[in-house]
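Copied over from Swiss-Prot:
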- 1-18: signal peptide (SIGNAL)
- 25-248: domain 'Peptidase S1' (DOMAIN)
- 64: active site, charge relay system (ACT_SITE)
- 102: N-linked glycosylation site (CARBOHYD)
- 109: active site, charge relay system (ACT_SITE)
- 120: N-linked glycosylation site (CARBOHYD)
- 121: N-linked glycosylation site (CARBOHYD)
- 203: active site, charge relay system (ACT_SITE)
């Protein structure tokens, strides 16, 4: 089964399409408190997602994490014992690619958010660089998030978990995900032997390769971390011109909400 990797409460989720959700980092380890200064915890209408700060006023997450009441937390490590420099924001504007929220499981699952107020860089807050080039096959990349750490049970950690996975040949994902186009704007990433994966609650978080955000957690298998079932990540490099154009003030090609 294919799952969008979000965490919902007992309310019925009203997304652009309805589908059972799933995604936290399985098979990882607690992240070091200083290795995720760009990581954002997103709460929206009962959904938990991740996100990535890309400059003091802008962040990226998945389009399917959208909701009416979004709360964005920066500089967070322990949810139970927040850092003193934690900052909370809400969206000023949300941008979808390209001028539509009608994304599919394989396409357009990206949202660019302008914050209501810029965040201040601090000990636990700093942006992550946008990609200078796309990652090649077999590149080792890092995943992280507060998602479930069990592939079959909802066990959510107090601190984000991290794991290393690899960029996988897109043909492997096309074999598992029916309808995935050869030129889809996605990255296929995981461990073919299984055991490490994003999972429920990790949606919208970053896939980091060589110190740059290369992917956004989008869709994965159910259960998570199964052998030969990599997850799909929205490919940030393929949306780079759009991202830079919006940040520069050219909103003609999209619709702010």
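Note that Cβ sites are derived from N, Cα and C of the backbone, with glycine treated the same way.
Since this is a predicted model, take the numbers as computed values, not measurements.
Shown on the structure are the features that Swiss-Prot records.
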{"residue": "64", "record": "active site, charge relay system", "DSSP class": "helix"}
{"residue": "109", "record": "active site, charge relay system", "DSSP class": "coil"}
{"residue": "120", "record": "N-linked glycosylation site", "DSSP class": "coil"}
{"residue": "203", "record": "active site, charge relay system", "DSSP class": "coil"}
State the Cα to Cα distance, in Å, between residue 109 (active site, charge relay system) and residue 121 (N-linked glycosylation site), rounded to an integer.
28
Can you tell which of 120, 121 has the least company, meaning the fewest other C-beta atoms within 10 angstroms of its C-beta, among these glycosylation sites?
120
May I ask for the distance between residue 64 (active site, charge relay system) and residue 120 (N-linked glycosylation site), taken between their Cα atoms and rounded to an integer number of Å?
27
Is it possible to get the count of other C-beta atoms within 10 angstroms of the C-beta of residue 203 (active site, charge relay system)?
35
Write down the Cα-Cα distance for residue 121 (N-linked glycosylation site) and residue 203 (active site, charge relay system), rounded and given in Å.
24
